[in-house]
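Trainee: So Swiss-Prot lists the following for this protein:
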SIGNAL    1-25  signal peptide
TOPO_DOM  26-225  topological domain 'Extracellular'
DISULFID  Cys29-Cys117  disulfide bond
DISULFID  Cys68-Cys167  disulfide bond
CARBOHYD  Asn100  N-linked glycosylation site
CARBOHYD  Asn149  N-linked glycosylation site
CARBOHYD  Asn200  N-linked glycosylation site
TRANSMEM  226-246  transmembrane segment
TOPO_DOM  247-287  topological domain 'Cytoplasmic'
Amino acid sequence: MKKAQTWIITCFCLQLLLLNPLVKAQSSCGNPVTDDVNDIAKLVGNLPNDYLITLKYVPKMDSLPNHCWLHLMVPEFSRSLHNLLQKFSDISDMSDVLSNYSIINNLTRIINDLMACLAFDKNKDFIKENGHLYEEDRFIPENFFRLFNSTIEVYKEFADSLDKNDCIMPSTVETPENDSRVAVTKTISFPPVAASSLRNDSIGSNTSSNSNKEALGFISSSSLQGISIALTSLLSLLIGFILGAIYWKKTHPKSRPESNETIQCHGCQEENEISMLQQKEKEHLQV
(Lines of atoms letter the chains of each structure in order from A and count residues from 1; the text may use other names and numbers.)
(Lines give C-alpha, C1' and ligand atoms only; values in the text may rest on other atoms or scores of the structure.)
Protein backbone atom coordinates (compact mmCIF):
# COMPACT_ATOMS: atom_id res chain seq x y z
CA MET A 1 0.00 0.00 0.00
CA LYS A 2 2.81 2.38 0.87
CA LYS A 3 4.52 1.65 -2.45
CA ALA A 4 1.32 2.50 -4.34
CA GLN A 5 0.93 5.78 -2.46
CA THR A 6 4.57 6.65 -3.16
CA TRP A 7 4.07 5.92 -6.86
CA ILE A 8 0.96 8.12 -7.03
CA ILE A 9 2.73 11.01 -5.31
CA THR A 10 5.71 10.64 -7.66
CA CYS A 11 3.45 10.73 -10.73
CA PHE A 12 1.67 13.80 -9.40
CA CYS A 13 4.96 15.65 -8.88
CA LEU A 14 6.11 14.71 -12.37
CA GLN A 15 2.91 16.14 -13.85
CA LEU A 16 3.47 19.40 -12.01
CA LEU A 17 6.96 19.62 -13.48
CA LEU A 18 5.65 18.90 -16.97
CA LEU A 19 2.90 21.49 -16.66
CA ASN A 20 5.34 24.12 -15.37
CA PRO A 21 6.46 25.21 -18.89
CA LEU A 22 2.81 25.69 -19.84
CA VAL A 23 2.24 27.92 -16.83
CA LYS A 24 5.31 29.93 -17.72
CA ALA A 25 4.14 30.28 -21.32
CA GLN A 26 0.78 31.64 -20.17
CA SER A 27 2.28 34.02 -17.60
CA SER A 28 3.36 37.56 -18.15
CA CYS A 29 6.09 37.89 -20.76
CA GLY A 30 7.88 40.63 -18.85
CA ASN A 31 9.06 43.84 -20.50
CA PRO A 32 10.04 43.38 -24.16
CA VAL A 33 11.07 47.04 -24.46
CA THR A 34 14.84 47.29 -23.99
CA ASP A 35 17.28 50.19 -23.94
CA ASP A 36 17.75 49.75 -27.69
CA VAL A 37 14.95 52.28 -28.20
CA ASN A 38 17.44 54.93 -27.09
CA ASP A 39 19.28 54.44 -30.40
CA ILE A 40 16.33 55.75 -32.41
CA ALA A 41 17.69 59.30 -32.34
CA LYS A 42 20.96 58.08 -33.84
CA LEU A 43 19.14 56.14 -36.54
CA VAL A 44 16.98 59.14 -37.47
CA GLY A 45 20.10 61.25 -37.72
CA ASN A 46 21.70 58.70 -40.04
CA LEU A 47 18.75 58.55 -42.43
CA PRO A 48 18.20 61.26 -45.06
CA ASN A 49 15.58 63.82 -44.05
CA ASP A 50 13.64 63.24 -47.26
CA TYR A 51 13.66 59.45 -46.94
CA LEU A 52 10.10 58.09 -46.79
CA ILE A 53 8.95 54.98 -44.94
CA THR A 54 5.61 53.43 -45.86
CA LEU A 55 3.30 52.57 -42.98
CA LYS A 56 -0.31 51.47 -42.68
CA TYR A 57 -1.59 53.20 -39.58
CA VAL A 58 -4.80 53.85 -37.67
CA PRO A 59 -5.38 57.42 -36.47
CA LYS A 60 -6.11 57.78 -32.78
CA MET A 61 -9.78 58.42 -32.05
CA ASP A 62 -11.77 59.02 -28.89
CA SER A 63 -13.98 56.05 -29.74
CA LEU A 64 -10.95 53.76 -30.15
CA PRO A 65 -9.40 52.68 -26.82
CA ASN A 66 -5.63 52.97 -26.73
CA HIS A 67 -5.06 49.29 -26.02
CA CYS A 68 -7.18 48.41 -29.07
CA TRP A 69 -5.26 50.93 -31.16
CA LEU A 70 -2.12 49.09 -30.05
CA HIS A 71 -3.41 45.79 -31.44
CA LEU A 72 -4.01 47.45 -34.79
CA MET A 73 -0.67 49.25 -35.00
CA VAL A 74 1.89 46.70 -33.80
CA PRO A 75 1.60 44.26 -36.76
CA GLU A 76 1.98 47.13 -39.24
CA PHE A 77 5.09 48.45 -37.51
CA SER A 78 6.52 44.94 -37.65
CA ARG A 79 5.98 44.82 -41.41
CA SER A 80 7.40 48.29 -42.05
CA LEU A 81 10.49 47.66 -39.93
CA HIS A 82 11.04 44.34 -41.66
CA ASN A 83 10.92 46.05 -45.06
CA LEU A 84 13.33 48.73 -43.85
CA LEU A 85 15.66 46.05 -42.51
CA GLN A 86 15.64 44.26 -45.85
CA LYS A 87 16.69 47.44 -47.65
CA PHE A 88 19.70 47.91 -45.39
CA SER A 89 20.67 44.27 -45.82
CA ASP A 90 20.98 44.88 -49.57
CA ILE A 91 23.59 47.61 -49.02
CA SER A 92 27.09 46.50 -48.04
CA ASP A 93 29.46 49.21 -49.28
CA MET A 94 29.06 51.83 -46.52
CA SER A 95 30.54 51.88 -43.05
CA ASP A 96 27.50 53.26 -41.24
CA VAL A 97 25.09 50.74 -42.78
CA LEU A 98 26.05 48.06 -40.27
CA SER A 99 25.26 50.41 -37.40
CA ASN A 100 21.88 51.33 -38.91
CA TYR A 101 21.13 47.69 -39.67
CA SER A 102 21.91 46.71 -36.08
CA ILE A 103 19.60 49.42 -34.68
CA ILE A 104 16.73 48.50 -37.00
CA ASN A 105 17.23 44.82 -36.22
CA ASN A 106 16.98 45.53 -32.48
CA LEU A 107 13.83 47.62 -32.99
CA THR A 108 12.33 44.83 -35.09
CA ARG A 109 13.06 42.35 -32.33
CA ILE A 110 11.41 44.63 -29.77
CA ILE A 111 8.25 45.04 -31.83
CA ASN A 112 8.10 41.28 -32.52
CA ASP A 113 8.50 40.49 -28.82
CA LEU A 114 5.81 43.04 -28.06
CA MET A 115 3.57 41.40 -30.65
CA ALA A 116 4.13 38.03 -28.97
CA CYS A 117 3.00 39.51 -25.64
CA LEU A 118 -0.29 40.76 -27.07
CA ALA A 119 -3.29 38.44 -27.06
CA PHE A 120 -3.72 38.41 -30.84
CA ASP A 121 -5.72 35.19 -30.84
CA LYS A 122 -8.18 36.83 -28.47
CA ASN A 123 -8.63 39.96 -30.61
CA LYS A 124 -7.95 38.70 -34.13
CA ASP A 125 -11.61 39.14 -35.05
CA PHE A 126 -11.42 42.75 -33.88
CA ILE A 127 -8.45 43.38 -36.18
CA LYS A 128 -10.23 41.82 -39.17
CA GLU A 129 -13.46 43.71 -38.56
CA ASN A 130 -11.72 47.08 -38.31
CA GLY A 131 -9.40 46.81 -41.27
CA HIS A 132 -11.25 49.76 -42.83
CA LEU A 133 -9.72 52.08 -40.23
CA TYR A 134 -6.26 51.74 -41.73
CA GLU A 135 -4.71 54.46 -43.84
CA GLU A 136 -1.47 54.14 -45.77
CA ASP A 137 1.04 56.96 -45.92
CA ARG A 138 4.76 57.60 -46.29
CA PHE A 139 6.50 59.20 -43.33
CA ILE A 140 9.87 60.83 -42.98
CA PRO A 141 12.06 58.99 -40.41
CA GLU A 142 11.40 61.53 -37.66
CA ASN A 143 7.61 61.17 -37.88
CA PHE A 144 7.71 57.42 -38.42
CA PHE A 145 9.72 56.78 -35.27
CA ARG A 146 7.65 59.27 -33.31
CA LEU A 147 4.66 57.06 -34.03
CA PHE A 148 6.79 54.07 -33.08
CA ASN A 149 7.62 55.66 -29.72
CA SER A 150 3.95 56.45 -29.20
CA THR A 151 3.14 52.77 -29.68
CA ILE A 152 5.79 51.80 -27.15
CA GLU A 153 4.39 54.26 -24.61
CA VAL A 154 0.87 52.88 -25.03
CA TYR A 155 2.18 49.37 -24.46
CA LYS A 156 3.95 50.43 -21.26
CA GLU A 157 0.71 51.98 -20.04
CA PHE A 158 -1.46 48.92 -20.64
CA ALA A 159 1.09 46.08 -20.34
CA ASP A 160 -0.41 44.67 -17.13
CA SER A 161 -4.01 44.66 -18.37
CA LEU A 162 -3.74 43.83 -22.07
CA ASP A 163 -4.79 40.20 -21.56
CA LYS A 164 -7.82 41.24 -19.50
CA ASN A 165 -9.31 43.92 -21.77
CA ASP A 166 -11.34 42.92 -24.79
CA CYS A 167 -11.40 45.23 -27.80
CA ILE A 168 -15.00 46.16 -28.58
CA MET A 169 -15.77 49.13 -30.78
CA PRO A 170 -18.87 51.23 -30.02
CA SER A 171 -21.71 51.34 -32.53
CA THR A 172 -20.70 54.80 -33.73
CA VAL A 173 -17.09 55.15 -34.76
CA GLU A 174 -15.37 58.34 -35.74
CA THR A 175 -14.05 58.59 -39.25
CA PRO A 176 -10.28 58.90 -39.22
CA GLU A 177 -10.26 61.50 -41.96
CA ASN A 178 -8.98 64.95 -41.08
CA ASP A 179 -8.07 63.87 -37.56
CA SER A 180 -5.93 66.61 -36.12
CA ARG A 181 -3.87 64.10 -34.18
CA VAL A 182 -2.82 62.24 -37.30
CA ALA A 183 -0.72 65.04 -38.69
CA VAL A 184 2.71 64.98 -37.07
CA THR A 185 4.08 68.48 -37.21
CA LYS A 186 5.96 68.74 -33.96
CA THR A 187 9.70 68.72 -34.54
CA ILE A 188 12.36 67.27 -32.30
CA SER A 189 16.06 67.85 -32.47
CA PHE A 190 18.37 64.98 -33.35
CA PRO A 191 22.17 64.98 -33.35
CA PRO A 192 23.60 65.81 -36.78
CA VAL A 193 25.06 62.66 -38.27
CA ALA A 194 26.13 62.09 -41.86
CA ALA A 195 23.14 60.81 -43.79
CA SER A 196 23.44 57.53 -45.64
CA SER A 197 22.61 57.44 -49.32
CA LEU A 198 19.59 55.19 -49.38
CA ARG A 199 17.00 54.75 -52.06
CA ASN A 200 13.43 55.69 -51.18
CA ASP A 201 11.03 53.17 -49.82
CA SER A 202 9.04 51.50 -52.57
CA ILE A 203 7.19 48.42 -51.42
CA GLY A 204 6.08 46.21 -54.28
CA SER A 205 3.23 43.78 -54.11
CA ASN A 206 5.55 40.77 -53.73
CA THR A 207 7.49 42.32 -50.86
CA SER A 208 4.29 43.37 -49.13
CA SER A 209 2.73 39.94 -49.42
CA ASN A 210 5.91 38.24 -48.19
CA SER A 211 6.16 40.54 -45.18
CA ASN A 212 2.49 39.97 -44.38
CA LYS A 213 3.04 36.23 -44.45
CA GLU A 214 6.09 36.52 -42.22
CA ALA A 215 4.25 38.68 -39.68
CA LEU A 216 1.29 36.33 -39.66
CA GLY A 217 3.67 33.39 -39.43
CA PHE A 218 5.28 34.93 -36.37
CA ILE A 219 1.89 35.26 -34.69
CA SER A 220 0.87 31.72 -35.57
CA SER A 221 4.23 30.28 -34.50
CA SER A 222 3.85 31.71 -30.99
CA SER A 223 0.31 30.31 -30.80
CA LEU A 224 1.43 26.91 -32.09
CA GLN A 225 4.23 26.86 -29.54
CA GLY A 226 1.76 27.27 -26.68
CA ILE A 227 -0.55 24.64 -28.15
CA SER A 228 2.31 22.15 -28.55
CA ILE A 229 3.37 22.68 -24.93
CA ALA A 230 -0.22 22.15 -23.77
CA LEU A 231 -0.65 18.97 -25.81
CA THR A 232 2.68 17.57 -24.61
CA SER A 233 1.78 18.25 -20.99
CA LEU A 234 -1.68 16.70 -21.32
CA LEU A 235 -0.25 13.65 -23.09
CA SER A 236 2.34 13.21 -20.34
CA LEU A 237 -0.41 13.55 -17.74
CA LEU A 238 -2.46 10.84 -19.45
CA ILE A 239 0.54 8.50 -19.71
CA GLY A 240 1.33 9.05 -16.04
CA PHE A 241 -2.20 8.12 -14.98
CA ILE A 242 -2.18 5.02 -17.20
CA LEU A 243 1.12 3.83 -15.73
CA GLY A 244 -0.20 4.49 -12.23
CA ALA A 245 -3.35 2.48 -12.94
CA ILE A 246 -1.34 -0.43 -14.33
CA TYR A 247 0.92 -0.42 -11.30
CA TRP A 248 -2.08 -0.30 -8.98
CA LYS A 249 -3.72 -3.28 -10.70
CA LYS A 250 -0.53 -5.31 -10.45
CA THR A 251 0.10 -4.60 -6.78
CA HIS A 252 -3.37 -4.31 -5.27
CA PRO A 253 -4.75 -7.83 -5.98
CA LYS A 254 -1.75 -9.43 -4.26
CA SER A 255 -2.94 -8.17 -0.91
CA ARG A 256 -6.14 -10.24 -1.08
CA PRO A 257 -4.51 -13.71 -1.31
CA GLU A 258 -2.23 -12.76 1.52
CA SER A 259 -5.20 -11.82 3.68
CA ASN A 260 -6.94 -15.11 2.78
CA GLU A 261 -3.82 -17.06 3.67
CA THR A 262 -3.57 -15.34 7.05
CA ILE A 263 -7.26 -16.12 7.73
CA GLN A 264 -6.68 -19.76 6.78
CA CYS A 265 -3.62 -19.91 9.01
CA HIS A 266 -5.60 -18.53 11.94
CA GLY A 267 -8.29 -21.17 11.25
CA CYS A 268 -5.67 -23.91 11.18
CA GLN A 269 -4.26 -22.82 14.51
CA GLU A 270 -7.72 -22.83 16.09
CA GLU A 271 -8.44 -26.34 14.77
CA ASN A 272 -5.10 -27.58 16.08
CA GLU A 273 -5.78 -26.09 19.49
CA ILE A 274 -9.26 -27.67 19.60
CA SER A 275 -7.93 -31.08 18.57
CA MET A 276 -5.18 -30.85 21.21
CA LEU A 277 -7.74 -29.99 23.89
CA GLN A 278 -9.97 -32.90 22.84
CA GLN A 279 -7.01 -35.27 22.94
CA LYS A 280 -6.05 -34.10 26.44
CA GLU A 281 -9.64 -34.61 27.63
CA LYS A 282 -9.63 -38.16 26.26
CA GLU A 283 -6.34 -38.92 27.99
CA HIS A 284 -7.68 -37.48 31.23
CA LEU A 285 -10.82 -39.65 31.03
CA GLN A 286 -8.76 -42.74 30.34
CA VAL A 287 -6.65 -42.09 33.43
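Cβ atoms are placed via backbone N, Cα and C, with glycine included.
The structure displayed is predicted, hence computed values, not measured ones.
Mind running through what each feature is packed against?
Mentor: In the three-state DSSP scheme, Asn100 (N-linked glycosylation site) falls into the helix class.
Within the same chain, residues at least 6 positions away in sequence whose Cβ sits under 8 Å from that of Asn149 (N-linked glycosylation site) are Val37, Ile40.
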Trainee: What whole-number Å value do you get for the CA-CA distance of Cys68 (disulfide bond) and Cys117 (disulfide bond)?
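Mentor: Here the two Cα atoms lie 14 Å apart.
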Trainee: Whole-number answer please: how many Å between the C-alpha atoms of Cys167 (disulfide bond) and Asn100 (N-linked glycosylation site)?
Mentor: 36
